[in-house]
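Asker: Not my notes, these are from TrEMBL:
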- 188-346: domain 'O-antigen ligase-related' (DOMAIN)
- 12-30: transmembrane segment (TRANSMEM)
- 36-54: transmembrane segment (TRANSMEM)
- 63-80: transmembrane segment (TRANSMEM)
- 95-112: transmembrane segment (TRANSMEM)
- 119-137: transmembrane segment (TRANSMEM)
- 157-175: transmembrane segment (TRANSMEM)
- 182-198: transmembrane segment (TRANSMEM)
- 204-221: transmembrane segment (TRANSMEM)
- 233-254: transmembrane segment (TRANSMEM)
- 334-357: transmembrane segment (TRANSMEM)
- 369-387: transmembrane segment (TRANSMEM)
- 393-410: transmembrane segment (TRANSMEM)
């Protein structure tokens with residue numbers, strides 16, 4: 001009885017800190033809650049393992065093994081770099097919170113509560129970030145009018161918005177409270193509007209892909225007559241997405257940065273020069289394990305080999321020339337972790353897409369919506385935007401950890417399926 005009480009208490013605590021951790025992880029202003037949540041989740045992970053062990057865990061073992069090798073490639077590349085301590089510092093900075101969240105997600109036994117918490121936390125993050133970035137833009141641009149040509153949202157918001165909007169769409173269809181759905185839709189409108197005001201063309205494409213994939217998924221559900229989403233709700237949802245896409249498409253065409261991009265056509269915007277001048281030199285010197293994690297290692301290597309100082313600027317704060325690194329996350333992974341780390345990264349992406357797509361087709365409403373959110377996020381933010389821009393993999397690692405606990409439901413674990421049926 002005592003163990004049962006301890007187990008329930010720990011599971012609820014894990015869900016609480018997963019909630020606060022996800023909200024703070026994808027927010028640039030909640031640093032203290034992020035640190036507290038991560039520390040508490042590490043403690044709860046070891047406490048849960050001590051009380052219950054790891055034998056009862058039902059996880060996607062293939063995915064967790066590949067994820068382990070991904071972190072191992074980071075560790076090896078840092079260990080073999082010019083400055084291992086600096087590289088480990090950057091790895092810790094980018095991944096220690098997402099790793100804490102992942103460990104907490106893995107050992108939590110209350111799967112339904114955990115998945116509901118994850119889903120709702122992403123929407124709440126959209127809500128808080130909408131307020132934060134509006135306030136930030138209002139101070140910087142000295143106006144409250146979002147229709148003013150001088151009102152520009154911080155471009156950094158465009159990197160997390162597609163993820164937040166995708167999960168908020170899933171939240172809209174899962175929770176049945178009409179007032180909550182109205183509140184979610186209002187935040188979706190503001191989020192879409194703020195994406196336009198960032199002027200980030202890569203963000204435009206990512207968000208369009210998210211809406212497009214969800215439209216296809218809803219059409220598929222209507223044709224298959226899934227019980228957890230009735231035809232009336234699907235029809236209304238498709239009309240709302242069509243409305244958002246129309247507003248998004250028309251508004252972006254009038255944005256100055258989009259107009260400038262249309263005039264340039266398919267110009268690579270200097271990225272081709274960056275790749276041609278830097279990548280061959282780096283790959284020749286460090287083909288297998290890369291330079292290590294951290295931009296100072298990257299800059300020092302370019303200075304040492306007299307790579308042309310183009311597409312960058314002099315930083316008075318760092319007292320050096322700062323190179324722009326817009327090679328894309330795939331080439332950047334080769335630079336950081338070498339060809340071996342790149343191969344593990346590709347396998348991890350392919351497995352995540354495979355398992356998330358399979359799980360999205362399951363009959364379980366909660367798992368299906370979360371899995372498709374993960375699928376659309378990886379396609380839009382990693383596969384497409386990552387081709388041309390260097391993105392952080394913090395959120396990607398978190399998504400993979402979430403997918404790890406969804407795995408058994410479509411890999412033959414009937415016991416798990418019974419526990420997670422909503």
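Any Cβ shown, glycine's included, is placed from N, Cα and C.
Walk me through where these features lie, including what they touch and how far apart they are.
Answerer: When pLDDT values are averaged over the domain 'O-antigen ligase-related' (188-346), the model yields 76.
Same-chain residues lying 6+ beyond the ends of the transmembrane segment (12-30) with a Cβ under 8 Å from its Cβ atoms: 36-38, 40-41, 44, 48, 97-98, 100-101, 104-105, 107-108, 110, 113-114, 117-118, 120-122, 124-125, 128-129, 132, 156, 160, 163-164, 394-395, 398.
Beyond the transmembrane segment (204-221), the same-chain residues lying 6 or more positions past its ends with a Cβ under 8 Å from any Cβ of the stretch are 158, 161-162, 165-166, 169, 192, 195-196, 229, 234, 237-238, 241-242, 244-245, 248-249, 252, 258, 360, 372, 375-377, 379-381, 384-385.
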Asker: At a C-beta cut-off of under 8 Å, are there same-chain residues at least 6 beyond the transmembrane segment (36-54) that contact it? List them, or none.
Answerer: 3, 6-7, 10, 13-14, 17-18, 20-21, 24, 96-97, 100-101, 103-104, 106-109
Asker: Considering only Cβ pairs within less than 8 angstroms, which of the stretches 63-80, 119-137, 157-175, 369-387 has the most against the transmembrane segment (334-357)?
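Answerer: So the stretch in question is 63-80.
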